[in-house]
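Pulled from TrEMBL:
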DOMAIN    42-293  domain 'G-protein coupled receptors family 1 profile'
TRANSMEM  24-50  transmembrane segment
TRANSMEM  62-88  transmembrane segment
TRANSMEM  100-121  transmembrane segment
TRANSMEM  142-164  transmembrane segment
TRANSMEM  197-222  transmembrane segment
TRANSMEM  243-264  transmembrane segment
TRANSMEM  276-295  transmembrane segment
Amino acid sequence: WEFNGSFYQPSAFLMMGIPGLEALHHWISIPFCALYLIALLGNCMILFIIKTTQSLHEPMYYFLSMLAVTDLGLVLCTLPTTLGIFWFNMRRIGFDACLTQMYFIHILSFIESSVLLAMAFDRFIAISHPLRHSSILTKTTVMKIGLVIILRGMVSLLPIPFLLKRLTYCRKIELSHSFCFHPDIMNLACADIKVNVFYGMIILLSTVGMDFIFIVLSYILIIKTIIGLATKEECLKALNTCVSHICAVLVFFIPMIALSMIHRFGRNVPPLVNTLVAYTYLIIPPALNPIIYSIKSSQIREALLRALRRKTG
């Protein structure tokens, strides 16, 4: 512990694996390794297929590439500490290293939320204005949207590490997860955390909250457009192009909202539930997104089959 008058700041935090199941961590690591491997290979495969297939060089797949890169970042942020605990019981993480991990986890989560919103906008334009789709979402426009998404996440979350560094902390230094999460860290402080709570809520509602609202509004407009189509076949074809994105939105937002609610209001929630929701939020979406898009997107599926034939041929 570093001491400066009445100011206490831990030199490190202790991370938690799965509470109550510490003796089984080696066995539990097997499904986690499988999920991490699926996420790494699946998202790399998506990026490789989109890069090497000329017919996939269009806005929908550019946004899918952004989603894959974001998922890879989330995996690489949590993999070292999670498997470090399961394999070697390495629970200690330095204070500054914890803040750095927390900053990137939250940035990537916000970026993923924004990318899902951009994908919803792309589907709305493709269904409502199919003839103008390529002229509205040009390659330059997509790049500008991507840059704005990154800057939005970085700037909005920049004060968070500094707000945490100004706090004085209690003797309890044990985190609730195998990674660093803003509400988890600030709840260890002995100081007044009203500023942290207020700023965290404002940023969450103005970014992820607004993204979710606009995604819902986009689908209301999409459904309204689909209902106006002439034939049932056209309706189903248009709706089918949105299924993958709807699944990705549900897989990401449901556990994220649940985890935020638990950290802010669920003081009596069992630690095991808190931990499982956190892992679902950070590991399941990166592993499932490549599978969802590989199954539902015929273009990606066909490009993958062609790549496999070339390798085996």
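Just so it is clear, glycine is given a Cβ too, placed from its N, Cα and C backbone atoms.
Since we're looking at a predicted model, the values are computed, not measured.
Of the ranges 142-164, 197-222, 243-264, 276-295, the one with the most Cβ pairs under 8 Å to the transmembrane segment (62-88) is 276-295. Across the domain 'G-protein coupled receptors family 1 profile' (42-293), the prediction's mean pLDDT works out to 90. Remote same-chain partners of the transmembrane segment (243-264), defined as residues 6 or more beyond its termini with a Cβ less than 8 Å from a stretch Cβ, comprise 67, 109, 112-113, 116, 119-120, 123, 181, 183-184, 187, 197, 201, 204, 208, 212, 215, 219, 273-274, 277-278, 280-281, 284-285, 288-289, 292-293, 296-297.
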